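Presented below is the structure to which this report refers.
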Amino acid sequence: METIKITTAQALIKFLNQQYVELDGQEYRFVQGIFTIFGHGNVLGIGQALEEDPGHLEVYQGHNEQGMAQSAIAFAKQSNRKQIYACTSSVGPGAANMVTAAATATANNIPVLLLPGDTFSTRQPDPVLQQVEQTYNLSITTNDAFKAVSKYWDRVNRPEQLMTAMINAMRVLTDPANTGAVTIALPQDVQGEIYDFPEYFFKKRVHRIERTPPSKQAIEDAVELIKRKKKPLIICGGGVRYSEAAESLKRFSEKFNIPFGETQAGKSAIEWSYGLNLGGIGVTGNSAANSIAKDADLIIGVGTRFTDFTTCSKFLFQNDDVEFLTINISSFHANKLDALKVISDAKVGLDTIANELERQGYSSDYEDEIKKAKNEWEKELNRLFNIEYTEKEFVPEIAGHCDKVVEEFYKEFDSCLTQTKVLGELNELLDDDAIVIGASGSLPGDLHKVWCPKRSNTYHMEYGYSCMGYEVSAALGVKLAEEDKEVYSLVGDGAYLMLHSELITSIKEGKKINILLFDNAGFGCINNLQMSNGMGSFATEFRHRNSETGKLDGKLLKIDFAKSAEGYGVKTYKVNTIDKLRYAIEDSKKQKISTLIDIKILPKTMTRGYESWWHVGVSEKSKNPKINKAYESKINHLAKARKY
């Protein structure tokens, strides 16, 4: 047996260079590169290996461990999970910073390989710098925190353990049904130790992503169920995008006259203008999708996890005869809502069912309901896109909470921009193939309803974990995947303040991204949530502490985000009118460096809900009668929702 005597870290890098995936006969390099933030836990091991021989791996210097890992996740998501970046950090706080990103990847079923440094396997210098000592178990380190949020976790305590660890890492990373974060903890002493690795460990490996076919019995059962139903509705989930099943879904929808609503992950698999596309569904959905869903007698979930936002906490589907059919590569997700399960690749499952349904001459009983629902929504969309602030008697979309804050904001920031008006303008101003990105706050809800993608895969929303701070980091990852397109991060002031470190990386690397920063001086989405459930405005607006009351009810906090970003070397714009917005967008397209457009947005001018409900933890008892009333409303809605 031929062997190669190299360090554990060198073997790791050599192995990563030999990983490929194959889908539909086309081969892709699986590990495109690695994001690094070096510390004592990885610089002399992985760092040395990368300096000496990185192979084809592109090495990027991150500026926050969570940020760089979120960039890696966005790259994999935009690449339909066919390529990934690895991420390496030091021990302790550097590793802990990646835990949030690991959860983001796992919640969304997106592959990311995390390689945190670890304490010494020998324990000779214990406690090493940044080590957490647990007196009841000395084998525990910070990296054990990854176990709860990883799809596969391992620690390489001896060089020879690297082989089985990495074989299993690739097994999970390339498994469409079970992918997510993979964490391989690497003790810093082991990284530098040499071992005679067998040559065959480094052979080229092609991981074939199989299009798992459905069973014959599952197809027969699915066809019989659909034939019994008159008004089915398809839910287009993220699996449609990752399976590249958009054309199959369109054919299925057309053949049988079945409309579909989109989840956040599924949106833009098919362009907005397609006649049977009802748009966003669920808590953040529009009136077209939600009204059809309410009366549907069969819900066909394709590649969806049926989250609470998709099902309105299982309240959305009100037809007494409604049943569920799932087409999903994951048996776990396919098993939800007592559904009839078709465990299959989305594309193959749709095509196989369609062939049999067509042979039996099936068609839904929809007449003009679909067209009417879409027309009504388009009227509402037009209204939303044309809402303008008038100083007198202006009623915001989210009315009755703290209407006076709108006037206060207008006077303080000299801006009359409403959020829906700005989104309407952006719909027209951005290039058709531009990619918009979001994750948290009120923007995902608004975008799910009102964004009208003109091209496929141009809507990139992380709403499985809805991680504040994903937005800017993700823009870099998306740009790495789609270098020829303009990339726009739509982010609120709250999320931007939490994390925007990889904006610096974009500048250093010459990877232009565009930040559209919606500043409404607070956590506006959560302010809406608390006030719509009876609370007052409490610690969700960005205000100075009032010296008289001792509370956070002083003047609004004014932040010049454009000035701050200018110091990074970003091209910036300040926007408080539609004309300035139009200029900023057009001028930003001419720039070669990253841009930030600081848009001052009137509070409470985001969209409201449409025939939706969300189950949240309202207090069962309060001195506030409004909260007691909100609790009663919750109980009434729960009575109409499925129990599981």
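Including glycine, each Cβ sits where the backbone N, Cα and C put it.
For reference, Swiss-Prot has these:
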type	residues	note
BINDING	Glu65	thiamine diphosphate binding site
REGION	442-522	region 'Thiamine pyrophosphate binding'
BINDING	Asp493, Asn520	Mg(2+) binding site
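Each residue contributes its Cα atom, and for Asn520 (Mg(2+) binding site) and Glu65 (thiamine diphosphate binding site) those atoms are 28 Å apart. The Cβ of Glu65 (thiamine diphosphate binding site) lies under 8 Å from the Cβ of Ile37, Cys87, Ser89, Gly94, Ala95, Asn97, Met98, Ala101, each on the same chain and at least six residues away in sequence.
Over the region 'Thiamine pyrophosphate binding' (442-522), the average per-residue pLDDT in this prediction is 98. Within 10 Å of the C-beta atom of Asp493 (Mg(2+) binding site) sit 24 other C-beta atoms, taking all shown protein chains into account. For Asn520 (Mg(2+) binding site), the number of other Cβ atoms no farther than 10 Å from its own Cβ, over all displayed protein chains, is 30.
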